[in-house]
Amino acid sequence: MREIVHLQAGQCGNQIGAKFWEVISDEHGIDPTGAYHGDSDLQLERINVYYNEATGGKYVPRAVLVDLEPGTMDSVRSGPFGQIFRPDNFVFGQSGAGNNWAKGHYTEGAELVDSVLDVVRKEAESCDCLQGFQLTHSLGGGTGSGMGTLLISKIREEYPDRIMNTFSVVPSPKVSDTVVEPYNATLSVHQLVENTDETYCIDNEALYDICFRTLKLTTPTYGDLNHLVSATMSGVTTCLRFPGQLNADLRKLAVNMVPFPRLHFFMPGFAPLTSRGSQQYRALTVPELTQQMFDAKNMMAACDPRHGRYLTVAAIFRGRMSMKEVDEQMLNVQNKNSSYFVEWIPNNVKTAVCDIPPRGLKMSATFIGNSTAIQELFKRISEQFTAMFRRKAFLHWYTGEGMDEMEFTEAESNMNDLVSEYQQYQDATAEEEGEFEEGEEEENA
């Protein structure tokens with residue numbers, strides 16, 4: 001079987017990671033002790049992708065949990081599925097990274113990284129044919145962003161031909177923990193551009209807006225945001241965990257989704273959107289799902305896809321439904337909105353259907369888009385970065401850990417290059433100039 005080793009780093013990474021394991025364990029019929037109580041062969045057919053089978057028929061997640069302080073990992077361990085993880089796979093320091101990327105990447109994190117790699121190596125060795133790694137982390141803090149990107153580059157060094165996939169939570173002023181988030185995020189993106197094969201941008205701004213506007217939650221908690229993240233992560237990994245044809249492994253997904261190596265930042269979406277504890281039981285139709293899934297309001301990245309064009313799209317439908325109807329609806333979307341799909345990649349929308357719906361829903365749809373509109377997210381971070389960096393605000397926290405200002409300048413220009421590359425492919429051979437007036441102004445800015 002083609003196995004995936006999962007890593008989670010930092011507070012955010014461990015919280016969404018723990019939630020991910022709760023959701024997929026439930027979908028595969030695995031209880032908190034690792035025992036199987038399922039009702040369908042489909043649940044076990046590809047169980048080896050994410051789980052090791054241990055003695056006594058117990059299933060153990062191929063997960064490595066990393067943090068620079070013990071707090072979050074203690075709560076994961078005492079949480080609902082805390083006992084399912086292999087105890088040796090908790091690797092933590094005591095000092096904390098204090099939301100400082102340099103501490104995670106160069107000082108504190110660098111001291112812990114070798115013990116993490118030992119655990120990763122052990123997990124990789126127990127694999128029959130490792131396809132790659134996935135990391136859950138945030139880009140705003142110190143550990144997930146600094147040490148997370150350090151782990152990525154170390155794993156890249158040791159396993160250069162394996163796919164590296166990240167679920168990266170992008171900071172937002174609306175849900176902010178620290179003032180230095182733009183620094184940490186920019187330094188991280190600088191690493192992700194070079195060292196990952198696919199990155200799902202999960203944007204706190206979008207999650208917050210969904211909770212607030214769509215789900216009508218007046219004060220969204222991290223629990224509410226994480227509920228959305230886990231639904232999305234469960235959706236985008238469906239093809240990897242259940243038998244099927246399309247995008248059945250990380251490499252095939254990358255081949256379908258990434259036309260240019262640097263442009264691998266995906267915008268995930270999910271339909272129907274439900275709040276925690278109130279899954280609606282109203283029956284959805286395939287046309288409704290399709291329409292919702294392409295709607296800007298359902299995107300987990302705060303970018304409007306109508307401001308850009310899709311290079312590629314993958315859609316995953318879950319539940320019992322007619323394949324024919326799904327194909328018709330997907331074609332319908334493309335024909336009606338053809339100007340939003342680049343014409344120089346024909347057949348750039350791929351669809352998969354899985355019979356098993358997520359818990360509490362009859363059917364659902366997950367969207368993975370590689371859209372040039374994702375540049376809005378990088379622009380947003382870049383503007384915040386520049387505002388502080390111009391005044392060298394808070395810089396001493398980073399230089400004190402041995403960083404150089406030059407590194408900030410490089411990261412800033414790499415992220416700005418990324419924005420220009422997205423813009424370049426958005427404008428490529430576009431006859432219909434009308435829609436791209438915004439585009440030209442940004443080029444000159």
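Cβ atoms are placed via backbone N, Cα and C, with glycine included.
Taken from Swiss-Prot, the feature GTP binding site applies to Q11, E69, S138, G142, T143, G144, N204, N226, supported by similarity to another entry. The Mg(2+) binding site feature in Swiss-Prot is assigned to E69. If you look up Swiss-Prot, you'll see 429-445 marked as compositional bias 'Acidic residues'. Taken from Swiss-Prot, the feature 5-glutamyl polyglutamate covers E438, and the record attributes it to similarity to another entry. Positions annotated as region 'Disordered' by Swiss-Prot: 425-445. What Swiss-Prot records for 1-4 is motif 'MREI motif', and it gives similarity to another entry as the kind of evidence.
Classification of S138 (GTP binding site) by DSSP places it within a strand. If you compare every pair of Cα atoms in Q11, E69, S138, G142, T143, G144, N204, N226, the residues listed for GTP, the longest distance is 23 angstrom. Of all Cβ atoms in the protein chains displayed, 35 besides its own lie within 10 Å of the Cβ of T143 (GTP binding site). On its own chain, G144 (GTP binding site) has A9, G10, Q11, C12, G13, G104, H137, S138, V169 as residues at least 6 apart in sequence with a Cβ closer than 8 Å to its own Cβ.
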